[in-house]
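Accompanying notes for the structure given below.
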Amino acid sequence: MMTLRHLPFILLLILSGELYAEEKQCDFPTVENGRIAQYYYTFKSFYFPMSVDKKLSFFCLAGYATESGKQEEQIRCTAEGWSPNPRCYKKCLKPDLRNGYVSNDKVLYKLQERMSYGCSSGYKTTGGKDEEVVHCLSAGWSSQPSCRKEQETCLAPELEHGNYSTTQRTFKVKDIVAYTCTAGYYTTTGKQTGEAECQANGWSLTPQCNKLMCSSLRLIENGYFHPVKQTYEEGDVVQFFCHENYYLSGSDLIQCYNFGWYPESPICEGRRNRCPPPPVPLNSKIQPHSTTYRHGERVHIECELNFVIQGSEELLCENGKWTEPPKCIEEKEKVACEQPPSVENGVAHPHSEIYYSGDKVTYRCGGGYSLRGSSTITCNRGRWTLPPECVENIENCKPPPDIANGVVVDGLLASYTTGSSVEYRCNEYYLLKGSETSRCEQGAWSSPPVCLEPCTIDVDHMNRNNIQLKWKYEGKILHGDLIDFVCKQGYNLSPSIPLSEISAQCNRGDVRYPMCIRKESKGMCASPPVIRNGDIVSSAARTYENGSSVEYRCFDNHFLQGSQNVYCVDGVWTTPPSCLEPCTLSFVEMDKNYLQLKWNFDNRPLILHGEYIEFMCKRDAYISETSIAGSVLRVQCDRGRLKYPKCTPRDRRLSFQEALRTRRQMEKR
């Protein structure tokens, strides 16, 4: 029975628990341009959050130092977080200054420190002065100190593939010279023209004209291209080909322009992604016409005059086959049309009291007007086809229409007359549909193209549908591209169709993800395999259903190699992981090899498999290997074994006392 005398002890426990909880203030620190000891990363959940007043060391990467200029420094956990903020800055070293001098003898400069330097007679600083002050910033010196020969004049360099605006070749300081590159060549900023200023230390930039290059092309799946180069010059054309049983989707020819490759590289699709020409019923026509038809595309069937459709007006391309086509059956009775529609500023010929299917009329416009559309319309089963318009003759068009996710790349003018045209290009990853060119005709532009949106993979949607990617996709997926999935282990497309590979098509930014369901049980598994230095997280059962899994864990300080989960597949377990032993630091081996630890934080009883530890030779010893000393003294733990490097003691002369001691020993003998 609890009494009042137990109350202080209980309160103490509660308060100390609250205080302990409040002390855990500091999360895992991120060290810019540096790191902390490896075991903190490995046992992150054990050490963090860290209690107030706890300390740890961090060290900087090569070429960086702490704010105080040290290679290693300690930080302390406070109620406000880590103090000081762990950060490493790029070291600012005293420059090796030719034809100049530095105002002090310091070798290393801390952050925000200033350094003053000057140049010898006849030389100027990078800013064109006799003396200059630079600051040590986090990325190095504010400007790299150097001394350049002072010049009263500048000589224009030889300009290949370009011309200067003047025949003059010698220029005074502050003179500016303009130059133009020949066709196909550009300045360093990618322009056709450029300027350079003559300064006391030479030209502000060296005039030059270079040929623009396009990047190398990535290989296409199930295809190849020719020619293959590391870089391509402007104007180069590359042709693409597909392997047997695959077809090109896109242009087979692409060209290197000053803005890059255009059009985009095609892809090679398999037979199942394409359909043959659609079956056209007798007495009909199809829209739209195309040279290729891809999975998911549709065509419209329209019967000829005096024929009616029986069945669906649309055909769908599905996995290389067309849906069932309709039939066009002849009408038994003629159907009359009303009088042709009237067109403003136009007349129709010939005139009749009654019109039947198949009858045609033609429109003509009055003076000062032109036809827009087909001049002839037809009576078709009681309805007239679309009549034309008579529009006023206007030569100029407004600026070309903008398109979503695309731009005009060629043909921009101050004004546009009939016959003018512009060329469109879609943004990266967007697929151009329609004609890339739009023309000005009688004051109106022909229809511009449409840029079809790409798709991005939705991982959450995939997880809900029990699927994963078959291949790794980089960046976006173009409209029309197929994405290959596989069912996750233990799942199938459906019980009746045991397919493991499934595909979906990108359609204007949308992907219809397939769904997999759990497989039917085909076999039970016995207890999961036993592993050395580890066990399973949950208690083992005698039997497991097909598709079930168990999770392994390693004993403390052991490194898990492989998948921590194994699965029961048709009565057999997948391969279990291995638990790799840690290494134990031996000070006996260190003394034998004249070694000591380079870093204090490496003084720990265990080093995990894969972790590195750095040694250094003791005083009056040197590394005996012929390799680079730094790499030899950095050792990795490999399955419980450390290969200690060997340092050799230096030869040294005997001291007076040692010589006297040696002499006495010799005399005793």
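Residue 1 is the first one shown; counting continues down the chain.
Placement of Cβ uses the backbone N, Cα and C atoms for every residue, glycine included.
Model, not experiment: these values are computed from the prediction.
Features of the protein shown, as given by Swiss-Prot:
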DISULFID  C26-C77  disulfide bond
DISULFID  C181-C209  disulfide bond
DISULFID  C242-C268  disulfide bond
DISULFID  C275-C317  disulfide bond
DISULFID  C303-C328  disulfide bond
DISULFID  C365-C390  disulfide bond
DISULFID  C397-C440  disulfide bond
DISULFID  C426-C451  disulfide bond
DISULFID  C455-C506  disulfide bond
DISULFID  C525-C568  disulfide bond
DISULFID  C583-C637  disulfide bond
DISULFID  C617-C647  disulfide bond
DOMAIN    90-149  domain 'Sushi 2'
DOMAIN    152-211  domain 'Sushi 3'
DOMAIN    273-330  domain 'Sushi 5'
CARBOHYD  N163  N-linked glycosylation site
CARBOHYD  N546  N-linked glycosylation site
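The secondary structure of C637 (disulfide bond), as reduced to three states from DSSP, is coil rather than helix or strand. Figure note: comparing Cβ neighbours within 10 Å for the disulfide-bonded residues C181, C426, the maximum is reached by C426. Within 10 Å of the C-beta of C583 (disulfide bond) there are 21 other C-beta atoms, taking all protein chains into account. Looking only at the glycosylation sites N163, N546, the densest Cβ neighbourhood within 10 Å occurs at N546.
In space, C268 is the closest of the recorded positions C242, C268, C390, C397, N546 to C455 (disulfide bond), judged by Cα positions. For the domain 'Sushi 5' (273-330), residue counts in helix, strand and coil come to 1 helix, 29 strand, 28 coil, using DSSP. Taking only the Cα positions, the spacing between C303 (disulfide bond) and C568 (disulfide bond) is 59 angstrom. If you take the Cα of C328 (disulfide bond) and the Cα of C317 (disulfide bond), they are about 20 angstrom apart, rounded to a whole number. C209 (disulfide bond) falls outside any helix or strand according to DSSP and counts as coil. C451 (disulfide bond) has a Cβ environment of 22 other Cβ atoms inside 10 Å. In terms of Cα spacing, the recorded positions C77, N163, C451 all stay beyond 10 Å of C525 (disulfide bond). Close to C26 (disulfide bond) in the fold, though at least 6 residues off in sequence, lie F48, P49, M50, S51, V52, K54, C77, T78, G81, W82, each with a CB less than 8 Å from its CB.
In terms of Cα distance, none of the disulfide-bonded residues chosen from C268, C275, C317, C365, C426 sits within 10 Å of C209 (disulfide bond). For N163 (N-linked glycosylation site) paired with C242 (disulfide bond), the C-alpha to C-alpha distance reads 45 Å.
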